[in-house]
Amino acid sequence: MILVLADFLNSGIRLTTPILFAAIASMLSARAGILNLAIESKVLIGAFVGILVAAGTGNTLLGVVAAAAAGAAIGAVMAAAHRLGVDLVVLAIGLNILVLQLTVFLMRSFLGGVGTYKPDIDPIASVSVPVLSDLPVAGNLLSRLNWLVYLAYLLVPAIALWFRTRAGRHLLAVGEAPLAAASAGLKVGRSQVLTLIVAGAIAGLGGAFLSVGDLGLFTRNMSADRGWIGITAALLALNKPAFLIPAAGVFGLASAASIRLQQFDVPANLTQFIPQGAAFVALVLVGLRSTSRGQVLRLWSNSSRISLALPRRRRTVAVAPRPDAVAPRPDAVAPRPDAGVAPSDPPADDTAPDAPRRSTLHH
């Protein structure tokens, strides 16, 4: 039973890896103040270019580098469009459709197939951890994990530490208040451009893991909504590195559960819905959490900011009038609006017993 659980967790760790890469890319873009919905296209183009370069050169490392470069190229396109004032939401939707159809066209025209491209290469070899790999449970848990898996999980704490540096704080300031950051002398445009390029490269690494790192092949629509699930994981983690691995792990374990259920004659159409269903539930939970706290959800794009104001529930408390309160007199005269000089204090009453009397005698 323990070994079965270890195998299940091992599958969850591996299936979490591309989602985690996509979530990191989405989080970085969001912290820079940009809504990046083109993560799906970057994962897919990374998987396609990575397997092509790895097959052409026979070097999987070059395939991984090419996948990151392809994702960065898509990020550069978005960065250029962002500088030109193009709506990034519309552009991202177009890029997702374009990359999907482009990979299908290239497979049909040059690779001799539409469904699957399987070159004669081996996936990236697994990394053997000394001592732990020889243990029964730990060996099963850490088996079939290559260096891309460890890179994905190490990137999260590395980015969390980078946010504490001067450059990281500048990026957070750009995302929180771009106008104030620009007034303080920060290069808002340059920071957002570099963030989009780096986020594209990280998403491309997620695609490289799918094709070069795990399976050694490419299939049509290989990303399979992992880019969208990564965006959902980043939202579930509130775009904070501390919650990113658990949030992505939820969807990785859901994917592992969908694969395991197919061994028990559960229909594949039903099991394939499990990750997307988990993503839908996560989005509902995020929305309910924001509604209960009365927060304002802001989705940033380059030319327009889509904001959803969630009203806070207010309680009305009836306040009883004070018993010693004096009602205003009905014959009270309101002060003149054009009176520019405040009324002076009334003269002291000479008839009062405490007031000093003035002498009227003249000597």
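Here the Cβ of each residue, glycine as well, is placed from N, Cα and C on the backbone.
Because TrEMBL annotations are produced automatically, they should be read as predictions rather than curated entries.
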Matching range for TrEMBL feature annotation, transmembrane segment, among 12-30, 31-49, 50-68, 316-334:
12-30
Could you tell me whether the transmembrane segment (12-30) and the transmembrane segment (194-217) are in contact, taking contact to mean 3+ Cβ pairs under 8 Å with a sequence separation of 6 or more?
yes
Of the stretches 88-111, 145-163, 229-253, 273-291, which racks up the most C-beta pairs under 8 Å with the transmembrane segment (12-30)?
229-253
Near the transmembrane segment (229-253), which residues from the same chain, at least 6 beyond its ends, have a CB less than 8 A from one of its CBs?
9, 12-27, 30-31, 36-37, 39, 43, 153, 156-157, 159-160, 163, 203, 206, 275-276, 278-279, 282-283, 285-286
Give residue numbers and ranges for long-range contacts of the transmembrane segment (145-163): same chain, 6 or more residues beyond its ends, CB-CB under 8 A.
10, 13-14, 16-17, 20-21, 24, 27-28, 31, 64, 123-127, 169, 171-172, 202, 205-206, 208-209, 213-214, 241-242, 244-245
